[in-house]
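> Handing you a structure now.
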């Protein structure tokens, strides 16, 4: 150290020892590298503050010039300006070597200028924020030629001061813009007297280098100080920069309105409105990104980023990366490195006073820093700000909501909010219109803790104000105001303890309808889950009834136009409160002419699905549970990844993941990451919580990537992928490395699936080459190969199947002792000493299989739209899950085995309760059925899934007869009304007639195509002539002595037969394609045909000539029906479109169609298969994927009944058009009765 610098320290030793606090100064000196932590410990070991100061000076006197300058800068930074002035004149010059090491690249000139100007040194732990830094410097460069203001603003602890000091550590900036110096003044919250002292100090600093005999006297008033500063800045330092740190009010700022260049840090962005000159501003984000915040913690505790504990991530997350909080906690951890969990708990419990300063921040604890911001508000605004305690984290609120809460005009509210924003007490999202407002997590935590005893009262105020504002009814619009109330009103009621109000709201079908229409069902389900404990105190059964209704119908509520919720609710059990409210509303609306249908036999139907979701607007390819079972991820043709809660379906993330179809997704073992793979030949890894992209793995697979899966344990996390590549089609990736870690060679055709064994020792791959292989994970060497194709006999192979045996997928038993693989209609079970087969229907193929993690069940996803559960120990099918409307590419058990997930091309995901499905004994009916409507009631006959004849009676569909299992498959049934008998058509060509008492089968006679039977005498009349199967037939002129029969066929013809002799009377070449449907008008004068050639035709029964050719359909015309008066013909096609035609001139009258296609790419959920007019010809009923009723005059839908299954073949209608009977594709019988009060 230079002698004059040493002498200065010795002269000032007594003064320094008396005033300084060594612990504050040493933080800066350690940051500069001139003091070691050991030296700090020796100083702090002294018992008193003065002895510590003396020890620090002793250490200093043994060091070099760098230590002197660092000590001087620390005094300036810690506001010991008078003590720094004692050392100023003897500041030493640094050598080039010392300059380089001391200033970290900042030139000696800059370092000297900053030191003389009192600019604080970098903090001991510093992390660069280059984007913000560049913004500030760009604004400062604009002051090169003009005077003006640059404002750096942000909330408490956002790092404004550090950013301002760092911005001027730039040689070019100072040389070009501020060669006359940079002068730092900490203003803070101060009275006029304190402000004058600060201004006097600045004047003294600027006048020090003046060559005058005696220094001028200090100014006696703020006005005098302002004028002296104006003179000094204009005459002596015209190109200097004045930095005003932490300015709180405009009166303080006006004292520095002296026409100079000013950089200002503040929490109030509007301060410069009170001064003149050019103005620029830079907002400082309230938090650092995770990596920067973790870097600060790592520097404090002297550790590597990757070695930080999990609590470090949680701390950053909890405080949203606040630089102040991270720095405070980091400094505390430096002294107590084992207290990660302790300080995290203090943050989570909002114990801000426990997070106390350990260095030079202006406030003793974090809560004081937060409270300081509130003290600048007037009393009225402070009370309004208190109301914000009820907000939720990360929730943005429009001004209209606060207008309701505060009972103020919207304009008044916006003015108040503007003040809060200006003072950095609130944040505004300007990217939305209207503007949205929100609190930083720390601000909200502070408010919540400060007003903890009043929170219930504050939430109650929100509810009261809402009830007052919406006394006439809830909001009906989906604007941001309405969204807020629908989302958070139940929350406010629960937090206010208003349980009765919560019951009334949540157990209301009107609330369910309004919220579902605006927000969808997932938020509603989540409300019932979140507030279940409170609701159950009133009635747990009712809560479960509402929750189940939404869980099973939520996918319907995603449709637009929004379905009739009352009609959906009428499908609930009769004992349900949902049904009771729906029936009351239906009756009331029916009296006004609306149409509603009551499913009167639903009591015998048990729903096995727990939750039905509709996450994507396109086919689903894969879906999986998170490792803890709380989340589900799905992906598919929409190119997106979606993550949602498994208990409610509430969306957590929706990510546009790839440029092509996303084929698979997989959670990491800790559920923090999720991988996706795609047809675009890329694998991407995402942060689940933030939805941000972490890694892209590309350039190694040259074809589409079919599957990806993480290891099961955290011991060594790897990701496996497989693709359609010829050779390098299975790879292992370590996410910490740039490329793949290993490639598993062996398959010479595409690999469809890969999965790790439970202990991650092996990985199984399934391929198009007909084999399944096991590879050792550690070495990637092939361990074992199974030739699955050799396990099929020649009889198992379809001659038309040229692709060979494709192994679709594989799965492991929970203990790893067995591995299962699926090919064709079989699942093979392999272990060390045995091979078993699970064979499903020969008409279906296994698309996917998954073993239950805690039982001997395995789930199979089949191509005929069902999921089967098998006991692999007993090789026995235990259950069948029906409900999907298309192929099921994936099925998976939850981690604890209690739930089963299936996803389908019908765009839905279904969750099943494993135990309920496993124990269900439901028997499905087939869709080839007949119904007899009589005065005594309804009789339904149908075959069931066990190939037995079932007879159901009455509106309740009560089973009254069940035959023995038939040897040949029952293909059709028919009731003879006159003789009370039932005829069965068998697959082997036989016809069986059963007596009405259903006690025995009293006759059996052989039959063939085109046969007409006099079944009492067993006489058969063969009608030969059609070249392809007969589609259907219709009796003509049954009252005549010689009745005729009209038949139509897939060969495109219609033929008329004389039933007395079997002679062919007419042979009509109707269409170029198959005739799919036909009908005869009530008066017998016309008949119609509908064809696969997309046309329908009308024929005269007198001349047998074509009357009209009806063109316009864009798909196969599958159904047709005359109105009872013969004036109209309705036709329905495979696009779900229905057309009404005039039978007077053949012109098109109406097109009955929905606004847009549904999930099955149809206007009717599938093909329109059946049509019926009401007796008064005003209403038309149609079947397709569901049932619809239409106004014939307007062509508009009157009502829709959504069946559980789909693909309805026909509907039977009672003569009074008030009862409707059908069976869906999963075998559920529907007896629908029109709700009383409607006249059709």
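Just so you know, glycine gets a Cβ as well, placed from its N, Cα and C.
Since we're looking at a predicted model, the values are computed, not measured.
Straight out of TrEMBL:
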- 1-90: domain 'CARD' (DOMAIN)
- 655-696: repeat 'WD' (REPEAT)
- 744-785: repeat 'WD' (REPEAT)
- 881-922: repeat 'WD' (REPEAT)
- 1023-1067: repeat 'WD' (REPEAT)
- 1068-1109: repeat 'WD' (REPEAT)
- 1110-1151: repeat 'WD' (REPEAT)
> Could you put numbers on the helix, strand and coil content of the repeat 'WD' (1023-1067), residue by residue per DSSP?
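Result for the repeat 'WD' (1023-1067), in helix, strand, coil order: 0 helix, 23 strand, 22 coil.
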> Let me spell it out: take the repeat 'WD' (881-922), skip the flanking residues so only those 6+ beyond its ends count, and list any with a Cβ under 8 Å from a Cβ in it.
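Residues packing against the repeat 'WD' (881-922) from afar: 555, 606, 608-625, 627-629, 632, 634, 636, 646, 847-855, 857, 859-863, 865-869, 1159-1160, 1165-1166, 1185, 1204-1207, 1225-1227.
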> Tell me the residue counts in helix, strand and coil for the domain 'CARD' (1-90), as DSSP assigns them.
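The counts are 69 helix, 0 strand, 21 coil.
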> Using a Cβ-Cβ cut-off of under 8 Å, list the residues of the same chain that are 6+ residues beyond the ends of the repeat 'WD' (1110-1151) and lie near it.
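Same-chain contacts beyond the flanks: 1073, 1076-1083, 1085-1086, 1088-1098, 1157-1158, 1162-1173, 1175-1177, 1180, 1182, 1184-1185, 1190, 1192, 1194-1195.
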> Tell me the residue counts in helix, strand and coil for the repeat 'WD' (655-696), as DSSP assigns them.
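Tallied per class, the repeat 'WD' (655-696) gives 0 helix, 23 strand, 19 coil.
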> Sort out the residues at least 6 away from either end of the repeat 'WD' (1023-1067), same chain, that have Cβ-Cβ distances under 8 Å to it, and list them.
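For the repeat 'WD' (1023-1067), the sequence-distant neighbours (Cβ-Cβ under 8 Å, at least 6 residues beyond its ends) are 1009-1012, 1073-1080, 1084, 1087, 1089, 1091, 1093, 1099, 1101, 1104.
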> Which numbers of helix, strand and coil residues does DSSP report for the repeat 'WD' (881-922)?
6 helix, 16 strand, 20 coil
> What average pLDDT is reported by the model for the repeat 'WD' (655-696)?
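Over the repeat 'WD' (655-696), the predicted model scores a mean pLDDT of 94.
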> May I ask for the residues of the chain that lie six or more residues beyond the repeat 'WD' (744-785) and have a Cβ under 8 Å from a Cβ within it?
703, 706-713, 715-716, 718, 720-732, 803-812, 814-816, 819, 821-823
